[in-house]
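Heads up, the thing below is written out as C-alpha cells.
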Amino acid sequence: MLLLLGRRVPLSLVHRLTTCCPSSSLSRPVLLSSALIKLTAITRVTHSTVFVSGQNTGTMPERRPFVRLPTDVYPVNYGLCLKPDLIDFTFEGKLEALVEVTQATNQIVMNCADIDIITASFAPQGGEEINATGFNYQNEDEKVTLSFPSALQKGSGMLKVDFVGELNDKMKGFYRSKYSSAAGESRYAAVTQFEATDARRAFPCWDEPAIKATFDIALIVPKDRVALSNMNVIERKPYPEDENLVEVKFATTPIMSTYLVAFVIGEYDFVEAQSSDGITVRVYTPVGKAEQGKFALEVATKTLPFYNDYFNVPYPLPKIDLIAIADFAAGAMENWGLVTYRETALLIDPKNSCSSSRQWVALVVGHELAHQWFGNLVTMEWWTHLWLNEGFASWIEYLCVDHCFPEYDIWTQFVSADYTRALDLDALDSSHPIEVNVGHPSEVDEIFDAISYSKGASVIRMLHNYIGDEDFRKGMNAYLLKFQHKNASTEDLWDCLEQASGKPIALVMSSWTKQMGFPIIEVEEEQQGDDRIVKLSQKKFCASGPHDGEDCPSWMVPISICTSEDPKCSKLKVLLDRPETTITLNGVPPDQWIKINPGTVGFYRIQYSSSMLESLLPGVRDLSLQPVDRLGLQNDLFSLSRAGMISTVQVLKLMEAFVNEPNYTVWSDLSCNLGVLSSLLSHTDFHEEIQEFIRDLFTPIGLELGWDCKAGEGHLDALLRSLVLGKLGKAGHKPTLEEARRRFRDHVEGKQILPADLRSPVYLTVLKHGDSATLETMLKLHKLADMQEERNRIERVLGAISAPDLIQKVLTFALSEEVRPQDTVLVIGGVAGSSKQGRKAAWKFVKDNWEELYNRYQGGFLISRLIKLTVNGFAIDKMAAEIKSFFESHPAPSAERTVQQCCENILLNAAWLKRDADDISQYLLQRKAPPSV
C-alpha cells in the first residue's frame, strides 16, 4: 500500500523515515511500509497467553469475531457525486450504484463509518423505486444495514443513497489538509486516504478489496480550485445552484477496489510530460513550486516504460498524476491514476534538497508506480495477502531505481535499509509470519510493518535470485495477465512462478511466509587434500539466542557459496531442506577462504566456526570481500552479540578492521549499530568511552573526505560525507564541532549558505553541543523555512539539545501549530533517541499528553511509530513492566503488537547490558591505556 515511513535507514538518509533521526543514537528506523493505514479504536479486553517457538510471548489479544459482507448484493458501478464544504468541513454525497442482487433479500449490508444517511432507495431494473425503511448502523463493525419493506428480487437495480459526512482532521477517509496561500493565509484542501478500510468514511460502499466495481465520479467544487480523481476530466460545467461552484465529471474507471479510489480538491500548480509509451504524467505541487516537481516527473516518465517492459503489460489508464499533500500520515499512497505523497516524498528543490532526499523520492515514486500493476491491476483477495502487494513493491522499487540511477548502488543500500531491519524485527518472539490471517478492520493496521514490507521484499529478492530473472519475469507476466482486473492470493503467484521456472516455489516459499522467524546457519569446514568439506546446519534464530527446543521449525534455504578466488561468483548453490547437510567443494586449496551467502541475498544469519571467521577478516581489511558482504558479516556478528552468542568485544574488534572502508552503505550500517551500542551504554558510567571509540573509528575517513565536495565526486560521496561529519560532530570531535559552529554562523548570517547535504550534520552538531541561543536560532530557521524538507530536517535534530529545560521546550514545540500533525512524531522521537535524559523526558511527555496524541493518531500506524520511537531505547527491566502497565490502562488496539515488541526489546537490552557491560568497559579503557613497558 502506501509507503510507510519506517524503514531502517542510514543516518544520513534521516529525512526518509521518521524513525532514523540523526539526533538519535537509536538509529534503527521504523518503516512506514511504503504504506499507510487506518485503525478503528476498538478496545479488546479478552486476552490469552500465547506461546511461539516454545517461548512465552506474554499476552496477545484474542482476535475479535468478524464476518465479511454478505454476497447477496454486490456493486457493478458506483455513480458518486460529492460536494465538500471547505469552510465548515462537511460534505454532501449522492450515490447511485448499479448493483446485482444474487438472491432475494429485504436488506442491503454495506460498510459505512462517520457518515449519516439521509435517504436510501432501491429501483429494480424496469420496476418501481422502493424506499428503505430503516438504517441500522453497526458502529463497531463499521457497517450499515438498509432495510426494505419488501424483498429485493434477483437481478440488477439502482441503489440510491443521499448522505452527509465530515471532512475530518485525522488524515484518513475524506479529510482536510491545511496549507498556506502565497499571502500566508491558512486554507484547506479536501483530500483522501482510503487504504486500508477508510473509503467507507467518504461514501457507503462495499469496502473490501475483492468487491471490485467501476466508478463514475463527479465533484462539486469552488471554481478557483483544482479537482482531481483517478481518471481524466471529461466535463467541467457551472453548478446551477451556486455561481461560485463548478461540477467536474471524470471518465469511468476500470474495475477496481474501493481502497484505490481518490479525489483531491485544492490549489496546485503542475508540471507535465509524456512517457515514451504515450501516458500523460503530471506532478502537482503547492502553488509557486512547480519547479520542485521536475525531478519526480523525470523519475516517473522513466519508470512507467520500465515497468511496461518488465511486466510486458501496458499501463491501463490514459494518465497518471502524482500530487504532494500537506498533511499526510504515510509516505505515499498508490491510488490508481492519482498517487498521493507527503511533500517530502515528492518535491525536490535543485538548490535546497539533499542527495538522500532525491534518492528517497526516486524510491517512493518507483514503489507507488509498481503498485499500478501489482496491487491495482491485480489486487490481493483479502488483507491476509497484503504482504504480497507491499513486499513486491518494496523489492521492485530498488530494481527500478537501479535502472534509472545505477550510480546510487541501491542494492547495497537495500541490505542496510530493509534486509537487516527485517532480520532484527523477525528475531523477536513477538514478531509474526509474513502472512497473517486478518479479520476485523482494526487488525489490519498492525501488519503494515517491517515484516510485510521489508521481510516481504527480502524473501522476494531471495526468490528472484533462486529462480533467475528470465523465469521470474515470465511468471510475473503470466500472473498479471491471468488475474488482471481480478483478485489473487499468494498461492496464485507461486503457481505462475512454479510453471515458469519448474522449481518447487510453493514448497520453498511457504516455509518463509507461513511461519515467523528465520534460521541461523552454522558453518564448519574441514580440508581434505584440495577439497573443502563444509557442514551446514540450521536452527531458528531468536534475539535472545538460538532456539534449542524440541519442535524447532526449519526452512527451505537456498544457499550459495563463494571463495576468495572469485568473491562475486557462486561456486556452488544448494537448497538446504533439512536440519543439516555436508557438501564438498572441489578444488579449494587451504589458502582460500569460503563465504556463505555472497551478495547477502538469503534471508538468514550466519555463524562461522572461529577459524573460518578468522580467515574472512583479511577480506574486510583488504576489501577483497564485496561491500555488501563486508556489511553482512559485521551485521551478523553484531546481532549474535546482542543475542549473547558471542562477546560484544569481538564485534568492537571487528569494527576496528573497517578503518580503510570506502563504501557509504557499509559505513552507514556500522554507524547504525554503533548508535544502538551508544544508546545502550548511555545507561552506564562509561558512555564517553564509546564516544571516543566512535571518534577514533570515524576520524580517518572524516579527514579524507573533508567538508567540501571535490571534483568528480558523486551521489554516494555526498551521502558518506553527511554521515561521517554528523557522527563525528555528535560524538564530540573538537575540530568537527568548531568547523560546524563556524559554518553554522556563516549560514545564519547569510554569508555562506550551507549546501543541503551538510545541513543535517551541522544542525545536529551545533544543537548537541549548544545552548538556548542555539535552539532559538534553529527554531527561527524552522519558522522561516519555505520547504517542508528543511522543516523536517530541523524537526528531526531538535531533540539533540542537552539541557533539561530546553528538552522540555522542544517537546512542547512538538505539539504546537508550528509542526504538522504527522511530524510531531519526528520531534518526540528525536528527543527520545538523543540521550538518556531525552528518553525519560519523552516518555513522560507522551504519558502526560496521551489523550491528545491518541486522539490525533488512533486508527493509524503513526501511533505505533510514536510508541516505538519513544520507548525502544530503555534498558531497565522495570521500564518494560511500567510500559506494559501503562498500555493496559490506556489501550491502543492497533499498536498492541508494537508495545509487546518494545517491551521485549527493553528486556533484551537489559540482559545485554548485564551480560557484556563489564567486558566492554574493560576493553574500551584498555584501548586508551599506554602500553606497559
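Glycine too: its Cβ is placed from the backbone N, Cα and C atoms.
So that you can see what the record holds, here are the features copied from TrEMBL:
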type     : residues               : note
DOMAIN   : 75-260                 : domain 'Aminopeptidase N-like N-terminal'
DOMAIN   : 295-512                : domain 'Peptidase M1 membrane alanine aminopeptidase'
BINDING  : HIS367, HIS371, GLU390 : Zn(2+) binding site
ACT_SITE : GLU368                 : active site, proton acceptor
SITE     : TYR453                 : site 'Transition state stabilizer'
DOMAIN   : 593-906                : domain 'ERAP1-like C-terminal'
Exercise. Do me a favour and check the Cα-Cα span between GLU390 (Zn(2+) binding site) and the residue listed as 'active site, proton acceptor'; whole Å is fine.
Key: 10
Quiz prompt | Of the recorded positions listed as HIS367, GLU368, HIS371, the one whose CA lies nearest the CA of TYR453 (site 'Transition state stabilizer') | solution = HIS367
Quiz item: On the 0 to 100 scale, where does the mean pLDDT of the domain 'Aminopeptidase N-like N-terminal' (75-260) fall?
Solution: 96
Self-check item: Residue among the binding-site residues HIS367, HIS371 whose Cβ has the most other Cβ atoms within 10 Å
Solution: HIS367
Quiz item: Across all chains shown, how many C-beta atoms besides its own are within 10 angstroms of the C-beta of GLU368 (active site, proton acceptor)?
Solution: 32
